[in-house]
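What follows is a short report on a single structure.
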Amino acid sequence: MSEARRDSTSSLQRKKPPWLKLDIPAVVPPAAEEPSFLQPLRRQAFLRSVSMPAETARVPSPHHEPRRLALQRQTSITQTIRRGTADWFGVSKDSDSTQKWQRKSIRHCSQRYGKLKPQVIRELDLPSQDNVSLTSTETPPPLYVGPCQLGMQKIIDPLARGRAFRMADDTADGLSAPHTPVTPGAASLCSFSSSRSGFNRLPRRRKRESVAKMSFRAAAALVKGRSIRDGTLRRGQRRSFTPASFLEEDMVDFPDELDTSFFAREGVLHEELSTYPDEVFESPSEAALKDWEKAPDQADLTGGALDRSELERSHLMLPLERGWRKQKEGGTLAPQPKVRLRQEVVSAAGPRRGQRIAVPVRKLFAREKRPYGLGMVGRLTNRTYRKRIDSYVKRQIEDMDDHRPFFTYWLTFVHSLVTILAVCIYGIAPVGFSQHETVDSVLRKRGVYENVKYVQQENFWIGPSSEALIHLGAKFSPCMRQDPQVHNFILAAREREKHSACCVRNDRSGCVQTSKEECSSTLAVWVKWPVHPSAPDLAGNKRQFGSVCHQDPRVCDEPSSEDPHEWPEDITKWPICTKNSAGNHTNHPHMDCVITGRPCCIGTKGRCEITSREYCDFMKGYFHEEATLCSQVHCMDDVCGLLPFLNPEVPDQFYRLWLSLFLHAGILHCLVSVCFQMTVLRDLEKLAGWHRIAIIYLLSGVTGNLASAIFLPYRAEVGPAGSQFGILACLFVELFQSWQILARPWRAFFKLLAVVLFLFAFGLLPWIDNFAHISGFVSGLFLSFAFLPYISFGKFDLYRKRCQIIIFQAVFLGLLAGLVVLFYFYPVRCEWCEFLTCIPFTDKFCEKYELDAQLH
């Protein structure tokens, strides 16, 4: 048996190449005490070398003494609320959450407001500023290595970034050239624990790409005018998994055996992987071998270290040495070909099936983070950071993460759906900027045809009319409060109706309720009580007011006029009679005639007129077949629609302040809002989150509508004009908060100011409310200072932020309370205010907003 072992050993020695030398480090006896500063190693895969055979090594875990858990008091509800409120407003003492928000803010600022200062660019490590730095990471704590593995501790990552991999012979400028590894082909322990290592970001295994995602990618490529094949990265052979030369296992938790262990940015990783051939280390051709042997320069060949400047340009890690080539049967080892290898990067988790197909799709949907102050508007206005930014501010920018714009998507869906339904139900009004007139011959209440004219304001937004928008929920003061002018107008009309009577034609062909002046004395009889003998009695006396066509307290059964519920003397307070006892044979002229006119609510100011149905339909009014007097109907309830008033005499639809934010004047108006939301609003929501943006959006819109209802009470206004200008105010606040880190803040300010002034000038057109713009902008400015966290430039800024939150919240509440008082208790009548929101270039360019303008 021993002889067979000697034969086997000699056979192995004969097969061993002469150049192969095995240097196995001696095992150092375990020390009596393990170093306390070492970090325990959780996974044994980190101690396995790729260049050595994979053996099962047992690493003893460090001994931990059992510790008793410290008793802690449960946090009180007051402290929890206080801490949560501080975190929400961005004034928490938790440095992690504060730095995370501040880093995100600066990153957003770099995309929106232009170039940063030079010192910021040098110190800031953003994805858009890819500079190779060997001193960008901190030194990770060393891993705990068991006693049996102490002989393999010195494994140096040649190009690992950070102070953990610098030697004592660093140059004076703080940089040093990378050292070659002691064990070629081995994975460095520090590579796995470094913050720059790909092992800290192990991706989970994903499912194969769905048909829907591939269809969406193809549609996106066609929209961009590209071919579907151009949308993917070029590959050698199309396969759903990476060849075995990268990694042998399909799915690994941590790398046990790696050929290479150097990693770079994820973007470079996928880009490089997709361009490699199937086999990275292919055998060169004979002609290529001859050329390599003749090459005079051997510095850049296999095994040679790249120059530092070339490394910084490529941003890639050095590949490790190729393995030894198998000896030919001739007995001599074939010369190692000097092949310049591509700078490859292998993912720590290993390639997976479907990776080559998923890479272009991820690039298609990839979105860069929004640097604080440099969002979409910042890119349009060429904003940049300063050259120097404090490291504390820089960390705040880096820690910021983008939010998902849920509120923007929900708002866009609601706006689109409501606009489509409104146009489909109420139709489209005449398109234009002036007034549209319609003339036709219509049967009037006297029984003859007359030429009448209907005037309607044109809508250049391609949408419904003003009456339809009011019925849908537009901002309209007479529907939100008891307007003094409208109420006085209704009372005056009732006073005239109180002295009216039924005008009966002599041939009994018809009758209508009218005044004495409108009733012909030759062709008709004006049945006026108590002069006419048909006057009934009330408490022993003749009634002084009446008669009413087709209504008499003596013949009405429901509701009956019986003591103690007799109908009052004033006919404007009579109820609607739903059932008569005698029909048309009462021997009373005002009851036996054919009525030709009933109440019709015309216009948007509560005007009621007793007329024929044909005329009411032509004027697009609300005809009341059941009533005989205008006092028996409530026209404002018909005009406003929605929920009925609690008191028919007092409108109370205050919810129009926020309901109108979801309505639009037309299709074009909705498209403008959608474009604004998908650009500016979506960009800001990524910065602040949906809850903050929703608060600013809704409160700014409500404040803008409230101011518009005060100064333009008789104008129907829809759309989120105040909300959009409140969002524009957020851009100004973001600019002010990032003023210290921008290279040219004044230029960015004037560009943004020019955009806002242009939008204010655009508000001088009809159907656009500048009062909502101004009030929404001012309220949005206050709310942004209160609810938008920002970059902190020191401890003083933290206290300033707390004072800022309290002050601006108090100012906004004061502004809102003042507007509420003006609207409900001290109405303001401003005759020149309409010129601020619409300049009448012609007589018919602007709609007349005064009360008497629409009365025909």
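Any Cβ shown, glycine's included, is placed from N, Cα and C.
Marked as N-linked glycosylation site by Swiss-Prot on the basis of sequence analysis: N584.
The local packing around S76 (phosphoserine), expressed as other Cβ atoms within 10 Å of its Cβ over all shown chains, amounts to 9. The phosphoserine annotation in Swiss-Prot covers S76 (among others).
Annotation source Swiss-Prot lists phosphoserine at S176 (among others).
The phosphothreonine feature in Swiss-Prot is assigned to T180 (among others); the stated evidence is similarity to another entry.
The annotation phosphothreonine is assigned in Swiss-Prot to T183 (among others) on the grounds of similarity to another entry.
The phosphoserine annotation in Swiss-Prot covers S391 (among others) and is backed by similarity to another entry.
What Swiss-Prot lists as region 'Disordered' is 1-20.
What Swiss-Prot lists as topological domain 'Cytoplasmic' is 1-412 (among others), and the listing cites sequence analysis.
Residues annotated as topological domain 'Lumenal' in Swiss-Prot: 434-656 (among others).
The topological domain 'Cytoplasmic' annotation in Swiss-Prot covers 678-692 (among others) and is backed by sequence analysis. Broken down with DSSP, the topological domain 'Cytoplasmic' (678-692) shows 14 helix, 0 strand, 1 coil.
Positions annotated as topological domain 'Cytoplasmic' by Swiss-Prot: 737-747 (among others).
Annotated topological domain 'Lumenal' per Swiss-Prot: 769-773 (among others), in sequence order. Secondary structure of the topological domain 'Lumenal' (769-773) per DSSP, as helix, strand and coil residue counts: 4 helix, 0 strand, 1 coil.
Residues 89-91, 785-786, 789 of the same chain sit 6 or more residues outside the topological domain 'Cytoplasmic' (795-804) yet have a Cβ under 8 Å from a Cβ within it. Among the features that Swiss-Prot reports, topological domain 'Cytoplasmic' is placed at 795-804 (among others).
Per Swiss-Prot, the feature topological domain 'Lumenal' maps to 826-856 (among others); the stated evidence is sequence analysis.
If you look at the transmembrane segment (413-433), the same-chain residues 6 or more away from its ends with a CB under 8 A from one of its CBs are 456-460, 462-465, 468-469, 471-472, 662-664, 666-667, 669-670, 673-674, 677, 765-766, 845. The transmembrane segment annotation in Swiss-Prot covers 413-433 (among others).
Residues or ranges marked as transmembrane segment in Swiss-Prot (evidence: sequence analysis): 657-677 (among others). Proximity of distant same-chain residues to the transmembrane segment (657-677), defined by a Cβ-Cβ separation under 8 Å and at least 6 residues beyond the stretch ends, is recorded for 408, 411-412, 414-416, 418-419, 422-423, 428, 459-464, 469, 472-475, 480, 698, 701-702, 705-706, 709, 717-720, 722-724, 727, 767.
When each of 693-713, 716-736, 774-794, 805-825 is checked for Cβ pairs under 8 Å to the transmembrane segment (748-768), 716-736 comes out on top.
Across the topological domain 'Cytoplasmic' (737-747), mean pLDDT in this model comes to 87.
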